[in-house]
Amino acid sequence: MATPAYSQPASPPVIPGTVAVAACFAMAVSYVAVLYAPTVLLRLPPATSLRAFFHRRFVCAAFSSTASVLATASLLRLWSPSNTSKALAVFGIRHDHLLEAVVIPLLLTSLVYAGSFVARLSVMSSWCGRDDGEEGISCTEKLARWMQTSLQDVMVWRNYIVAPFTEELVFRACMIPLLLCGGFKMSYIIFLSPVFFSLAHLNHLFELHQQGCNFVRSLLIVGIQLGYTVIFGWYAAFLFIRTGNLVSPIVAHIFCNMMGLPVFSSTQTRGMASLAFLVGSISFFCVLFPATSPRLYNTRLDGCSCWHGYCRWSGIGTEQHVGNITYFVPVAEMK
């Protein structure tokens, strides 16, 4: 049987593993270092307000992310203007299956926060019924006011917009294709790539010390943050590789930033939060692989020319090597 037209050969550029690791390390360091560029390199005076301080950091993060994308494109030779969509797909920037890439990972991630939902519902019920001296104002109006205030808060933009988008772009969309093309197995990438993600949070130790926090307390706080970022980094890398869509880890990142650490127990819920957390966590691990099946996020898996390895995860075919070109042969073509 002739090979279908869509079964096109894939020949990702092979780069040395040391080059891939060095590039990822450089991106992680530069993502943090550039945040201090305005005062250290450009010799600008310190920001006069918190808003101005974070506006500078937003610009620096955007600059660092753009530089990382250009560096990745250069190393992987993604400069063909005729294949812009395929080049963007390497970074997980796709418009197809967008609804699935948003809704399914969001619902999956929310399972871990089942205890948090129960605890927050308890708090919200008491908050809505509380008399704050604002008689005649409904719970919906209070929520609308809170949302309006939040949109004007620079920390909201930092935690829910700038950080998730730039961090996922650099630490997932840029680093994972580099490591895959460097010859690393996907399982290694999922568990080891968060090391670079954690490096980007070590500056918090320096900043806490500058704010007057003693070293031991600073080390404890940063240690907990690093543990959380490593666990989330595993999950985000897994989502990116399984779905091939950058939107999925971004949505999960925003949601986790909004929710914080999962609630394991709450004295206000009489054990309901603990039960919800247990049931939600078990459900999460039960549906983790089915909910992230590459079949849900890609029209076809056989013959794909992506570098994220959807075909290898699915196991519906095999690869054949001819010279320096790798062909993916669907099961149907092997019979």
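Heads up, the Cβ atoms here are built off N, Cα and C, so glycines get one too.
Because TrEMBL annotations are produced automatically, they should be read as predictions rather than curated entries.
Predicted, not measured: the structure shown is a model, and the values here were computed from it.
Taken from TrEMBL, the feature transmembrane segment covers 14-37 (among others). Through the fold, the transmembrane segment (14-37) approaches residues 57, 60-61, 63-65, 67-68, 71-72, 75-76, 166-167, 170-171, 174-175, 178-179, 181-184, 193, 196-197, 199-200, 202-203, 324 of its own chain, all at least 6 residues removed from its boundaries and within a Cβ separation under 8 Å.
Residues or ranges marked as transmembrane segment by TrEMBL: 58-79 (among others).
Among the features that TrEMBL reports, transmembrane segment is placed at 99-121 (among others). Through the fold, the transmembrane segment (99-121) approaches residues 235, 239, 243, 245, 247-249, 251-252, 255-256, 259-260, 262-266, 268-269, 272-274, 276-281, 283-284, 287-288, 291-292, 296-297 of its own chain, all at least 6 residues removed from its boundaries and within a Cβ separation under 8 Å.
TrEMBL lists 154-259 with the feature domain 'CAAX prenyl protease 2/Lysostaphin resistance protein A-like'.
Feature annotation from TrEMBL assigns transmembrane segment to 178-199 (among others).
Sequence annotations record features per position, and here TrEMBL assigns transmembrane segment to 219-241 (among others).
Per TrEMBL, the feature transmembrane segment maps to 246-265 (among others).
The transmembrane segment annotation in TrEMBL covers 271-291 (among others).
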**Request:** Would you mind listing the long-range same-chain contacts of the transmembrane segment (58-79), meaning Cβ under 8 Å and 6+ residues beyond its ends?
**Result:** 12-13, 15, 19-20, 23, 26-27, 30-31, 34-35, 37-38, 87, 90-91, 157-158, 162-163, 165-166, 169-170, 173-174, 177-178, 181, 307
**Request:** Please give the sequence-distant neighbours of the transmembrane segment (219-241): residues at least 6 beyond its ends with Cβ less than 8 Å from one of its Cβ atoms.
**Result:** 92, 105, 109, 168, 171-173, 176, 186, 189-191, 193-195, 197-198, 201-202, 204-205, 208, 213, 248-249, 252-253, 256, 261, 292, 308-309, 313
